[in-house]
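Colleague: Once you've had a glance at the structure underneath, I'll fire off some questions.
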Amino acid sequence: MRDTGKEADWEKEKLTNEWQATVSTEQFNVVRRVYQQERLNKDAEYQYPHHPWSRRVKVLVRSCGFGECLGNAVPIIKWLPKYNFKKHFVHDFIAGATTAVMHIPQGLAYSLLANAPPVTGLYMAFFPMLVYVLLGTSPHVSLGTFAVGMLMCGKCVQQYAIGTEENPAQYTAVEVITVLSFMVGIFQLLMWCLRMGAVSTLLSEPLVSGFTTGASLQVLASQLKDLFGIKIPALPTNYKVINNVIEVSKRLPSLNWVAVAISFITCLLLALNNEHLKPWMSKRVPIPLPTELLLVVSGTLISKYAMLHENYNMTLIGHIPTGLPLPQVPPLDLMGYLVVDAFMLTMVTYSITLSMGLIFAVKEKYEIDANQELLAMGASNLFGAFFSCAPFCASLSRSYIQYSAGCKTLITSLVSALFVLVVVLWIGPFFEKLPRCVLASIIVVSLKGLYMQILDLKKFWKLSKLDAIVWLISFLVTALINIDVGLFAGLIASLGALFIRSQTPYTCILGRVMDTDIYLDIKRYRAAHEIPGVKIYHYCGGLNFASKNIFRTKLYRKIGLLRSTTDVVPDDANSVITKDDGYNRSESYEWDHSASNKLQCVIVDATAMSYVDAPGIKALVGVEEELANQNITLLLAGPSAPVQEMIERFNTLEKERLNLLTFPTVHDAVMYYKATSAKKNGTDITVTVPQS
């Protein structure tokens with residue numbers, strides 16, 4: 001059979017190549033007047049987009065009718081009546097059962113990271129999901145326990161729920177994690193009310209990658225004692241990786257060899273499954289093999305019948321209650337101590353969950369409402385806080401398994417929650433004899449993807465040195481000090497990198513390419529040549545109070561009015577990493593009065609000027625006056641409509657006025673200069689521009 005898809009692609013590529021070959025050999029002559037911006041606005045009938053308040057109120061009332069508001073706030077009202085039972089239910093049921101199988105071992109294991117009872121992880125897979133199914137918009141994410149979030153909870157539990165003989169704890173571990181869940185829910189609901197769904201963009205990709213990689217080392221260090229079957233004293237909250245390694249090393253002579261053997265076998269089987277068996281099975285069976293659950297069941301049975309606790313002093317997970325917990329109000333007097341930790345948890349859990357949801361949304365071509373996710377997660381965390389739940393988050397591994405198993409809608413999450421409910425009601429006590437080293441092995445191996453993120457550093461180093469520095473700061477501070485300190489340091493580094501980029505905008509001098517109206521960077525295009533007597537300064541970025549001095553200094557350096565006092569030729573690469581101001585940043589400059597004899601006109605190309613404020617316009621006014629004193633004309637080319645409108649508002653409110661002639665394109669400004677310099681009528685001449 002012929003591959004019709006490949007033939008279609010080949011035919012399309014052939015037609016494209018023929019079209020490009022035809023167009024590249026033709027020339028088009030465009031004949032029009034040389035426009036000033038004011039004349040173009042008149043001919044093109046420019047009008048300021050104005051929406052009266054009456055119209056805005058009508059639109060708001062129409063879009064916020066009771067039915068529309070209810071449908072937007074509770075999405076299940078929209079998609080459930082359209083649910084195709086015959087087409088989707090089998091897929092959702094299989095995916096839900098498969099995910100539930102993963103919830104059981106991970107729920108039990110990750111609860112240890114939070115220093116909470118093992119059943120906490122099972123509660124988190126049930127109670128919050130009942131609310132998220134009603135309000136959520138991401139069907140493919142598997143919400144519940146996640147290593148990083150539970151470790152952050154564990155830090156708070158250790159601080160406020162694990163006391164000493166001199167200072168006994170006033171709160172239980174469950175009370176601490178429920179207060180965290182309550183406060184995270186409140187924060188997320190406040191963010192929803194303020195429509196702050198885009199706030200997660202503050203956590204850049206280098207920050208998240210470095211932070212989660214550092215947190216994975218925190219998780220690994222916290223599980224060493226269970227992997228080796230030894231007991232260590234309570235450690236300070238900071239420098240836990242270093243302290244854990246030191247304490248475990250001291251007690252290696254007294255390690256439990258049975259625990260070491262079980263840990264080694266469990267890690268080996270999990271690694272072989274993940275690297276070899278799982279890829280082989282995925283090509284033949286749509287449902288993944290529940291290796292983690294099989295190991296948990298096997299470990300429980302071996303521990304029970306071999307009496308590992310009695311004979312070999314193995315540490316077990318202990319009591320798992322049956323039935324559902326009674327709703328209880330968290331101890332609200334603890335809220336004041338956990339504000340910072342709860343806010344950090346809010347940012348981390350929301351960012352990771354939204355990122356996972358967007359990945360699947362792109363694959364399946366549906367929309368994720370970032371603000372609605374805040375409502376769904378906030379309400380779910382608030383509800384779960386009354387039922388012994390910690391703040392929940394999307395799990396990377398479970399989400400991919402849920403997606404691969406054929407999930408179609410949020411019915412998958414409901415099915416998964418019902419399966420977990422069965423375990424909570426009747427099967428939970430079966431796992432009481434499970435050795436903790438088995439759960440520690442599951443945790444350590446399941447985080448392989450986070451460990452491997454250390455390779456991201458090489459990628460970020462090649463893409464941007466600043467991003468690599470953000471990654472390193474986030475990783476090192478998180479791994480060596482603490483997770484909350486690491487997140488804060490990474491956030492500061494990310495904002496610092498953003499500020500540095502805003503302070504190093506891309507600037508260059510443009511030249512004309514042959515006899516066209518195309519103007520390019522003369523340092524990058526050898527065919528672009530400067531026009532005698534004219535400097536075309538291209539500025540990319542915002543012109544505001546923070547960048548006005550940079551704009552002015554770079555402009556004077558580029559056009560030659562400021563020259564270096566040393567013999568070093570300035571570097572004009574203009575990237576964030578290269579030395580845009582010259583080889584030596586301490587290099588000094590002086591005013592070159594002779595340069596003005598060769599220069600008659602400066603054109604500022606504002607096509608890439610994203611924003612301008614009042615101080616930025618004042619800087620332009622100052623530049624205009626300084627150049628006028630040197631008998632140099634300043635023209636503005638290609639400003640966007642918002643920039644033009646801001647200039648107009650400035651001229652009506654301030655005594656200082658910006659009286660620059662403005663043109664829609666650089667070529668219009670060049671033609672105007674040539675015409676006026678030749679003593680022609682600059683606004684009415686007609687030119688023919690060959691474009692190849």
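The backbone N, Cα and C atoms fix where each Cβ goes, and this holds for glycine too.
Since the structure is predicted, the reported quantities are computational estimates derived from the model, not experimental observations.
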Colleague: May I ask you to indicate which of 118-137, 438-457 is given in TrEMBL as transmembrane segment?
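Modeller: In TrEMBL, residues 438-457 carry the label transmembrane segment.
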Colleague: In the same chain, which residue numbers or ranges, 6 or more beyond the ends of the transmembrane segment (374-397), come under 8 angstroms Cβ to Cβ?
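Modeller: Those are 73, 102, 106, 114, 116-117, 119-120, 123-124, 127-132, 134-137, 141-146, 148-150, 153, 174, 177-182, 184-189, 191-192, 196-197, 324-325, 327-330, 345-346, 348-350, 352-353, 356-357, 446, 449, in sequence order.
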Colleague: Over the domain 'STAS' (524-673), what is the model's mean pLDDT?
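Modeller: Averaged over the domain 'STAS' (524-673), the predicted model reaches a pLDDT of 81.
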Colleague: What else in the chain is close to the transmembrane segment (254-273), if you only count residues 6 or more beyond its ends and a Cβ gap under 8 Å?
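Modeller: Residues packing against the transmembrane segment (254-273) from afar: 226-230, 289, 291-292, 295, 299, 308, 312-315, 435, 437-438, 440-442, 444-446, 448.
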Colleague: Given a Cβ distance threshold of under 8 angstroms, which distant residues of the chain, six or more beyond its ends, lie next to the transmembrane segment (174-198)?
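Modeller: Residues 114, 116-117, 120, 153, 156-157, 160-161, 328, 330-332, 334-335, 338-339, 341-343, 345-346, 349-350, 354, 369-375, 377-386, 388-392.
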